[in-house]
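**Student:** What follows is a single structure, and I will ask about it in a moment.
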Amino acid sequence: MGQALFLTVLLPVLFGVGPEAYGEASHSHSPASGRYIQQMLDQRCQEIAAELCQSGLRKMCVPSSRIVARNAVGITHQNTLQWRCFDTASLLESNQENNGVNCVDDCGHTIPCPGGVHRQNSNHATRHEILSKLVEEGVQRFCSPYQASANKYCNDKFPGTIARRSKGFGNNVEVAWRCYEKASLLYSVYAECASNCGTTWYCPGGRRGTSTELDKRHYTEEEGIRQAIGSVDSPCSEVEVCLPKDENPPLCLDESGQISRTGGGPPSQPPEMQQPADRSDERGGGKEQSPGGEAQPDHPTKGGNIDLPEKSTSPEKTPKTEIHGDSTKATLEEGQQLTLTFISTKLDVAVGSCHSLVANFLDGFLKFQTGSNSAFDVVEVEEPAGPAVLTIGLGHKGRLAVVLDYTRLNAALGSAAYVVEDSGCSSSEEVSFQGVGSGATLVVTTLGESPTAVSA
């Protein structure tokens, strides 16, 4: 049948670019996680715990997977927010009053994440200076200049807020660019941020669409944030296609889809937030002092709790269709790709009569079938939870490539992909989607554009 199965990413498949240009492809690596600084901190904390264990501190002799970095208070007398290495077994399942914990996004902003500190019986080591330095270094590597500009716009207008494209107050309010109070966001919920090409992709720090008092703490600034993003110079020339990367700078592709060069380095990052002072306490105890420059929860000025919707007059660079209902159709031409962003337990897709696939999140698999073949090939999908992004690309002579990026139960990102060399598909096929769920969006782009770029 000429089928070949690869775990890879879409652009190298269709353009023949080697994996070394994009990083090693695997289930554990997926673009735009927005969690790389947090992963750096977790890894450093695991090293610190191992060092403390070797030095004789037995309570830190625990499996490395239990050690994480969190910005939080400590035991009873440690009342300031500092970076600490926690044994997750000592954390509470939920926070109460002022014992919440925070994780960090790739622009250095702390956002509430699951868990709470047991003030009387916490097993942690405070390493504020070491971890704060890693945050500063990580911002230069991973913070998109476009997202930094959007954050600066929000912070200048409403001090203490950051930019996200997410939900507002209640589930019926449409997704839009807003300036959010950080304490009102959830690190475990994905929103959209600006990539280092100016397109949007997923990042931590979103809203569930609930109707609590915290859900009121934002300002809708669609036009202003879009203008802030648009004010950043493109890293690629007008004749090149910008390919976002997790780490700055992005890649620039020529008209044939080959890498022509690496995009220009990121501009100096705006002072989006005051970094916590580089201080740490002794692990054995002692009264913790509150550093003067330590970041505390910020609140919007002028009363907060105000939603000022504004309609954007700036056209989107990538046309996007918001789907109303549980199904939709689109035409896929040779040299194009369809990207569907959805939250659903099961998605059925038919590419004309030449190819079909099923993404089943309940049973954890992506299966596909080509032409008249009655048997399905299956690709494992590990612990899927959602949201998910499905990209289908049609190359030369019916070459079909499919990539499914999804959120896992542990809030990490997963990816599954396959390629059919000779699918039997023509140069133009109608693609139908069934079971897309509510709030799905569909975008048609040319090959070479970011698979997750669902809007400008």
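Note that Cβ sites are derived from N, Cα and C of the backbone, with glycine treated the same way.
Here's the feature list from Swiss-Prot:
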- 1-16: signal peptide (SIGNAL)
- 17-262: region 'MAR domain' (REGION)
- Cys45-Cys85: disulfide bond (DISULFID)
- Cys53-Cys61: disulfide bond (DISULFID)
- 103-107: motif 'CXXCG' (MOTIF)
- Cys103-Cys113: disulfide bond (DISULFID)
- Cys107-Cys143: disulfide bond (DISULFID)
- Cys154-Cys179: disulfide bond (DISULFID)
- 193-197: motif 'CXXCG' (MOTIF)
- Cys193-Cys203: disulfide bond (DISULFID)
- Cys197-Cys242: disulfide bond (DISULFID)
- 216-220: region 'Interaction with host sialylated oligosaccharide chains' (REGION)
- Cys236-Cys252: disulfide bond (DISULFID)
- 247-330: region 'Disordered' (REGION)
- 308-327: compositional bias 'Basic and acidic residues' (COMPBIAS)
- 320-456: region 'Galectin-like' (REGION)
- Cys354-Cys425: disulfide bond (DISULFID)
**Student:** What whole-number Å value do you get for the CA-CA distance of Cys107 (disulfide bond) and Cys197 (disulfide bond)?
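**Tutor:** Computed Cα spacing between Cys107 (disulfide bond) and Cys197 (disulfide bond) is 15 Å.
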**Student:** Looking at the disulfide-bonded residues Cys53, Cys154, Cys193, Cys354, Cys425, which one has the fewest other Cβ atoms within 10 Å of its own Cβ?
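**Tutor:** Counting other Cβ atoms within 10 Å of each of the disulfide-bonded residues Cys53, Cys154, Cys193, Cys354, Cys425, the minimum falls on Cys53.
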**Student:** In Å, rounded, how far does the Cα of Cys203 (disulfide bond) sit from the Cα of Cys143 (disulfide bond)?
**Tutor:** 11
**Student:** Please identify, among the disulfide-bonded residues Cys179, Cys193, Cys197, the one with the smallest Cα-Cα distance to Cys61 (disulfide bond).
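**Tutor:** Nearest by Cα distance to Cys61 (disulfide bond): Cys193.
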**Student:** Could you check which of these disulfide-bonded residues, Cys53, Cys85, Cys154, Cys197, Cys242, sit within 10 Å of Cys236 (disulfide bond), going Cα to Cα?
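**Tutor:** Close disulfide-bonded residues: Cys197, Cys242.
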**Student:** Which has the fewest other Cβ atoms within 10 Å: Cys85, Cys103, Cys179, Cys197, Cys236, the disulfide-bonded residues listed?
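**Tutor:** The disulfide-bonded residues Cys85, Cys103, Cys179, Cys197, Cys236 were compared, and Cys236 has the fewest Cβ atoms within 10 Å.
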**Student:** Looking at Cβ-Cβ distances, which residues of the chain lie under 8 angstroms from Cys113 (disulfide bond) while being 6 or more apart from it?
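**Tutor:** In sequence order, Arg70, Val101, Asn102, Cys103, Leu186, Tyr187, Ser188 meet the Cβ cut-off.
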**Student:** Using the alpha carbons only, what distance in Å do you get between Cys354 (disulfide bond) and Cys242 (disulfide bond) once rounded?
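**Tutor:** Counting only the Cα atoms, the answer is 31 Å.
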**Student:** Would you mind checking how many other C-beta atoms are within 10 angstroms of the C-beta on Cys143 (disulfide bond)?
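**Tutor:** So the Cβ neighbour count for Cys143 (disulfide bond) comes to 26.
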**Student:** Measure from the Cβ of Cys107 (disulfide bond) and count the other Cβ atoms within 10 Å, all protein chains considered.
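**Tutor:** Cys107 (disulfide bond) is surrounded by 27 other Cβ atoms within 10 Å.
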